[in-house]
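Data block below; observations after.
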Amino acid sequence: TKCYITPDVKSETCPDGENICYTKSWCDVFCTSRGKRIDLGCAATCPKVKPGVDIKCCSTDNCNPFTPWKRH
């Protein structure tokens, strides 16, 4: 499986056994000015997350794209 990986947001081949792509997002102290923090990567299973953290998992190549928001 190929997934987008942060910090470079490049498509990379996942290690053997890691066939799930994920997009994890959450707010930090800069959320109001910068938006949510985003973490992209590969996993063997969909990661469990703490309350307040959003996770989306998928299992096809490059199914976790992220387009950075534009500053005005």
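Cβ from N, Cα, C; glycine included.
Partner cysteine of Cys21, as given in Swiss-Prot, is Cys3 (from among Cys3, Cys31, Cys46, disulfide bond).
Per Swiss-Prot, Cys58 makes its disulfide bond with Cys63 among Cys46, Cys63. For Cys46, the disulfide partner named by Swiss-Prot among Cys42, Cys57 is Cys57. Classification of Cys63 (disulfide bond) by DSSP places it in coil, neither helical nor stranded.
A strand conformation is recorded for Cys42 (disulfide bond) in the three-state DSSP classification.
Annotation for Cys42 (disulfide bond): spatial neighbours Thr1, Cys3, Ile5, Glu12, Cys14, Pro15, Glu18, Asn19, Ile20, Cys21, Tyr22, criterion Cβ-Cβ under 8 Å with sequence separation of six or more. Close to Cys58 (disulfide bond), meaning Cα to Cα within 10 A, are the following disulfide-bonded residues out of Cys27, Cys31, Cys46: Cys46.
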